[in-house]
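According to TrEMBL, the features are:
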BINDING   B:Asp11, B:Asp12, B:Ser42, B:Asn99  divalent metal cation binding site
DOMAIN    B:6-193  domain 'Survival protein SurE-like phosphatase/nucleotidase'
There are 2 protein chains.
Amino acid sequence: MTKPLILVTNDDGITSKGIRKLVDVMKNIGDVVVVAPNSPQSGKGHAITIGEPLRLYATDIFDEIDEYECSGTPADCVKLAKHYILKDRKPDLVVSGINHGSNSSISILYSGTMSAAIEGAIEGIPAIGFSLCDFKEDAEFDHALPYIERITRESLSHGIPKGVALNVNIPAINQEPIKGIVVCRQANAKWQETFDYRVDPNGRGYFWMAGDFINFDSEKGDTDVWALDNNYISIVPSQFDLTEYEAVRELQSWNL
Amino acid sequence: MTKPLILVTNDDGITSKGIRKLVDVMKNIGDVVVVAPNSPQSGKGHAITIGEPLRLYATDIFDEIDEYECSGTPADCVKLAKHYILKDRKPDLVVSGINHGSNSSISILYSGTMSAAIEGAIEGIPAIGFSLCDFKEDAEFDHALPYIERITRESLSHGIPKGVALNVNIPAINQEPIKGIVVCRQANAKWQETFDYRVDPNGRGYFWMAGDFINFDSEKGDTDVWALDNNYISIVPSQFDLTEYEAVRELQSWNL
């Protein structure tokens, strides 16, 4: 039987620890091709490169797989992989990550990791973004790997619904073992930003953006944030039709 | 009566023609504050600036309004405006645009214009993104302005549903007058990319990304693309909960 073709990308860049761990898992499951950014792309959301050229080079970071680094965003990597590098063989799965840091709740919108997975879904390819709730460069990933393998194999065997990418978040390692996996919804939350004003050595002002996470759903047990807070892995099936259908009906009664 | 406070931003940059036209309209309606990128940010999606400082300077481009240019993305501009510049008076409305180019259908995901509007919605502020289906720098906007004023006034009087940003797209000027305004859903479509490989003067390869728009809903009359193709203005109420609820139920039956 032909092994599935798995496209691996991320947003922390091709040399990050998280993508190495993800490649290790995916090599157990299928034929792996890596196309990943040549620099960190955290917070790039669903950015694509317009008006500037893209660079793409073969690399030799991993063992015995086809691998490329790209000057663009995670979404660019998926587009280049699908329409250029792999134009003769459509991938069976796109996986993105393992991100250093959570992409639960509203963070999905800012996430380069999930934009790559959603780009896969737009292309009609089953897609999963994996994120670990630990942003440290040397974060510990090993407790997550058996779960990532299981979720990936289940996804390949059941098939992910059309137009859906899975947003998988995994608790950072802690005293307790992970309790299990919960399929749930995106918590309604936001980042409350603060801006730290400083003056550079040339006398010009600048700001560092920082933020506190505010969970409007903190009382509710059916969200990704609840799952992670309670030491479960969360899976949110996520889609790219942003239409709010109830509001369509409401606005149709306006005098426009 | 106090005039509404309107925050104006865009993704083509503070010096573009589209934002000047939008400011002109908004001055008829309320008190205007502009916080916009200091450089073009097309295709930046919902990117935010992490790990790099932000710059913010007062400018003097428009007449008699508070105005600032920012080194960051459209989403950064809304965050800085809400949590720093306007921290003592919450805006009554965020408007973004007028974008030079369509943001209908799947393009909403890649759109800096709409990311600013959605950022407004996340902050609980009514928000509208306006885009003209003409990407030229000197595009003709004047036929759109009465419609933009009407949509804005209706939005302020009815109130936009919570958590929703309006994605308004306007046909480019043509022989026929605009037929009206349609509230509709986001068409299911994608960009089919092509990559044009070239070699630079130093002998290194690079790619230009280009693409063809493929509309999977071309037979259907309830989408934004249909509206625009038929010379209507489209309004898609758009939200930021990406959860696909049917898929949640489906995946809960998996053996995870």
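Heads up, the Cβ atoms here are built off N, Cα and C, so glycines get one too.
Those residues of the chain, other than B:Asp11, B:Asp12, B:Ser42, B:Asn99, with a C-beta within 8 angstroms of the mean position of the divalent metal cation site C-beta atoms are B:Asn10, B:Gly13, B:Ser16, B:Gly18, B:Pro40, B:Gln41, B:Pro74, B:Gly97, B:His100, B:Gly101, B:Ser111, B:Gly112, B:Thr113. Note: B:Ser42, taken in sequence order from the binding-site residues B:Asp11, B:Asp12, B:Ser42, B:Asn99, have a C-beta within a distance under 8 Å of a chain A C-beta.
Taking Cβ-Cβ distances under 8 Å and a sequence gap of 6 or more within the same chain, the neighbours of B:Ser42 (divalent metal cation binding site) are B:Asp11, B:Asp12, B:Gly101, B:Gly112. Local packing around the binding-site residues B:Asp11, B:Asp12 was summarised as the count of other Cβ atoms within 10 Å of each Cβ; on this measure the leading residue is B:Asp11. Within the same chain, residues at least six positions away from B:Asn99 (divalent metal cation binding site) with a Cβ under 8 Å of its Cβ are B:Asn10, B:Asp11, B:Asp12, B:Gly18, B:Ser111, B:Thr113, B:Gly129, B:Phe130, B:Ser131, B:Leu132.
Model confidence over the domain 'Survival protein SurE-like phosphatase/nucleotidase' (B:6-193) is summarised by a mean pLDDT of 96.
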